[in-house]
Amino acid sequence: MKTSYNLRSIAAKAIAQVLDQGLSLSSVIPELQKNISDKDKALLQELCFGTLRTLPQLEWIIQQLMDKPLKGKQRILHYLIMVGLYQLLYTRVPAHAALAETVNGAIALKKPQLKGLINGVLRQFQRQQDVLMERFQNNDSRYLHPSWLLTRIKNAYPELWESIIEGNNQKPPMWLRVNQIHHSREQYLALLEKEGISAFSDDHHPNAIRLETPCNVHLLPGFNEGWVTVQDRSAQRCAELLAPQNNEQILDLCAAPGGKTTHILEIAPKAHVLAIDIDEQRLARVKENLNRLKLHATVKSGDGRYPEQWCANMQFDRILLDAPCSATGVIRRHPDIKWLRRNEDIAQLAQIQKEILHAIWPYLKSGGTLVYATCSILPEENSQQIAAFLSSMQDAQCDYQHQCLPEQYSGDGFFYALINKK
């Protein structure tokens, strides 16, 4: 059945919103997916994420094929051409269909006079593809990262930077966290097998399962009933390290969208959890996740730098601080990060992290535990941040810290520090 929309033009609009307006893909896509079929939702996501993942390559190709870049009101067609090139390079969409749908995207974008240009560029690429791809392998853009970020990663990991870049450029695996209140991991693996969904357990994380192929969450047994949550295995380590106990007072700071909040309560259902986040809109996601899993926490809006505004004289047994960060460890999940972040952001984020750490420390009980976590791979936000904190706090002792790096079949890039109050 013929659809009333052109998916390639929708993808071009999404990419324009990211690159020209600085919006995140995760904020843009849900609205654009509202009136399209489930099958096309998945393809739209593939086109948007894939185009942004390979952006430098697509830009380079266009530079080779066009004398002048499209600018101003025609800029949207530059992104449409990118979508077309991505399809030809990386998807199973038949070339003739990719070509036709991309060219028709010009009509949907009210630029029918440029159909011929788009058709010409894409056909020229088809003719020159092998030669262009061979040349690209010697180009500086081949790492698909902005130069400032590439430099930072090289400096931080002189022996490992290439494997990190490779990990960042992969499509991410889909990890699940089994809700131990309902099922053991082995029981849930059996449920997946019954549904024909191939999956693997993880020796290092007791409730983690990796799917062989990502799927729609509504195909997962008992998803709506709260039997399982989508959460990367590295993120699952946060609540595991925190080791919450029933009846304890626990603060989950920077809690949205609630994956760690709910994990804490799955481990310790009778814990008293206060979930705080500065973003009221994202707090709605925390409440949704709590409701789906039938768990209870107190959810409040608040700035981690000013705890006196939202927790009065409370004292906590354990605090989980998933600090605001560059998110350089989750680029494979959010490739737009590469183009939304700027070099100067890192120092600003490190300052915010420092302020939150110092502000929240007095609210941790003596003998209590704080887990500091980020989804960053940059030392300024991680090991260096913790070293500076420990040197300024005589009653703080770090018993464990670890940096995970993004790997193809493993977890996201993540940092953890387990700090005890003497």
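Every residue gets a Cβ built from N, Cα and C, even glycine.
Summarising the annotation, Swiss-Prot assigns S-adenosyl-L-methionine binding site to CYS254, ALA255, ALA256, PRO257, GLY258, GLY259, LYS260, ASP277, ASP303, ASP322 and lists sequence analysis as the type of evidence. Cβ environment of ALA256 (S-adenosyl-L-methionine binding site): ASP277, ASP279, ARG282, LEU283, ARG285, VAL286 lie under 8 Å away, each six or more residues apart in the same chain.
In sequence order, SER234, ALA235, ASP322, CYS325, ALA327, THR328, GLY329, VAL330, ASP412, GLY413, PHE414 make up the list of same-chain residues 6 or more apart from CYS375 (active site, nucleophile) whose Cβ falls under 8 Å from its Cβ. Here Swiss-Prot flags CYS375 as active site, nucleophile.
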Would you say which of the binding-site residues GLY258, ASP303 has the most Cβ atoms within 10 Å of its own Cβ?
GLY258
Please classify the secondary structure at GLY258 (S-adenosyl-L-methionine binding site) using three-state DSSP.
coil
Find the longest CA to CA distance in the recorded S-adenosyl-L-methionine-binding set CYS254, ALA255, ALA256, PRO257, GLY258, GLY259, LYS260, ASP277, ASP303, ASP322; express it in Å as a whole number.
19
